[in-house]
Amino acid sequence: MKIKTRFAPSPTGYLHVGGARTALYSWLFARNHGGEFVLRIEDTDLERSTPEAIEAIMDGMNWLNLQWDEGPYYQTKRFDRYNNVIDEMLEAGTAYKCYCSKERLEALREEQMANGEKPRYDGRCRHSHEHHADDEPCVVRFANPQEGSVIFDDQIRGPIEFSNQELDDLIIRRTDGSPTYNFCVVVDDWDMAITHVIRGEDHINNTPRQINILKALNAPVPVYAHVSMINGDDGKKLSKRHGAVSVMQYRDDGYLPEALLNYLVRLGWSHGDQEIFTREEMIEFFSLGAVSKSASAFNTDKLLWLNHHYINTLPAEYVATHLQWHIEQENIDTRNGPQLAELVKLLGERCKTLKEIAQSCRYFYEEFAEFDADAAKKHLRPVARQPLEVVRDKLAAIVDWTAENVHHAIQATADELEVGMGKVAMPLRVAVTGAGQSRALDVTVHAIGKSRSVERINKALAFIAEREGQAS
């Protein structure tokens with residue numbers, strides 16, 4: 001039997017981290033078994049589904065590189081199929097037309113609640129022999145079995161049982177002729193030969209209804225696995241107040257897809273004590289039996305740690321392809337400066353996100369209008385004039401422009417003037433970067449370049465001279 005899973009989001013908003021984790025688990029399970037992964041867009045909610053949301057879901061899946069083997073399928077393009085199946089069920093007696101008015105149903109609901117009963121349809125039209133005109137508005141309901149129970153072996157939670165007496169007759173077609181969500185899902189899973197349905201625990205109550213419909217259609221019943229919810233670090237349901245919840249917001253905030261995937265796979269699943277997983281290792285080790293039943297707590301600090309790890313361990317050339325987008329957002333022209341892969345190596349150790357790198361690198365490519373006020377006040381003082389003049393001349397004299405030779409020039413300046421390295425390095429750092437902090441000074445100066453470094457030192461010397469003039 002070929003394993004076939006699906007990810008079936010409703011396009012009413014962005015792809016959130018909970019949905020992304022479900023997609024990842026479904027994708028990994030299919031890949032682990034050499035199976036296929038289907039993308040299905042469940043857009044039956046015509047009022048809330050939007051093209052923008054569909055695009056956002058696709059963007060998120062593509063950014064995470066969770067490529068699908070089939071699809072995307074759209075439920076709105078399959079309405080004829082759904083209605084044909086409903087018509088067949090009406091003929092077979094496994095579905096029936098319901099003419100009850102909204103007013104009657106509301107009164108029934110209020111009466112049941114007043115009596116402390118669970119609100120449910122009472123089956124009036126199921127047993128009715130009244131004649132109705134062909135054009136009289138009606139819905140179609142599934143004739144749910146009235147005895148026995150539905151038992152399914154959830155691959156994460158174990159056996160789950162529902163009494164059929166607790167399940168009312170589900171509406172499968174509305175008065176406007178459109179099929180309902182729970183019915184469309186059943187026909188889709190049947191037609192697409194889905195063998196394993198991996199989805200959120202909020203779908204557990206839908207499962208017995210869907211199984212009963214599948215059995216009424218003499219269709220195979222897939223295996224089900226329901227993943228627990230994701231909470232914030234305070235134990236409450238994850239929401240925007242806990243930070244970003246959209247997958248693409250994490251892209252915008254400077255996270256690598258490898259970091260988010262690694263974090264999400266561990267958010268409810270484990271393989272021993274291992275924390276870092278390549279994509280290949282995720283595929284090899286993933287199993288539903290190792291997925292926890294308990295809710296997971298989202299910890300942004302842990303995700304940030306993983307992101308920093310991947311920035312510094314993935315090939316710099318690859319990280320640079322993701323950095324490019326952030327550089328463009330900052331409107332930085334990188335033609336006159338270090339290659340982005342070199343920039344990753346320069347700033348990756350200090351910066352934990354790609355956005356931080358992009359916001360920290362402008363001085364490598366563009367001239368800054370002024371020095372950081374605090375750094376200049378502390379380090380661009382008259383006492384720094386001689387160290388800057390000497391190191392400028394030594395840098396200008398370098399023939400083979402390497403970081404090692406830059407380091408020698410800085411060290412030689414300190415030795416010649418018989419001062420500590422800080423007396424040379426700190427004013428030099430402010431001079432060439434405009435700020436008081438940077439990566440190691442030798443590699444920073446090397447990346448900025450000889451002529452640009454010399455020009456900036458001269459600018460710093462002019463700043464010191466002007467400062468002296470104001471003091472006198």
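The backbone N, Cα and C atoms fix where each Cβ goes, glycine too.
According to Swiss-Prot, the feature motif ''HIGH' region' maps to residues 9-19, out of the candidate ranges 9-19, 174-184, 196-206. Here Swiss-Prot gives motif ''KMSKS' region' for one range in the set 132-136, 237-241, 452-456: that range is 237-241. Neighbouring residues of the recorded Zn(2+) site, listed in sequence order and excluding CYS98, CYS100, CYS125, HIS127, comprise TYR96, LYS97, TYR99, TYR121, GLY123, ARG124, ARG126, SER128, ARG141 (Cβ within 8 Å of the Cβ centroid). Tertiary proximity for the motif ''KMSKS' region' (237-241) is limited to same-chain residues at least six positions away from its ends with a CB under 8 Å from its CB atoms, namely 17-18, 229-231, 298.
Residues of the same chain lying 6 or more positions beyond the ends of the motif ''HIGH' region' (9-19) and with a Cβ under 8 Å from any Cβ of it are 41-43, 45, 48-50, 53-54, 56-57, 59-61, 200, 229-230, 238, 245-250, 260, 264, 298.
Per-residue pLDDT, averaged over the motif ''KMSKS' region' (237-241), rounds to 74. Cβ neighbours within 10 Å of CYS100 (Zn(2+) binding site), excluding its own Cβ and spanning all shown chains: 16. Neighbour density for HIS127 (Zn(2+) binding site): within 10 A of its CB lie 8 other CB atoms from the protein chains shown.
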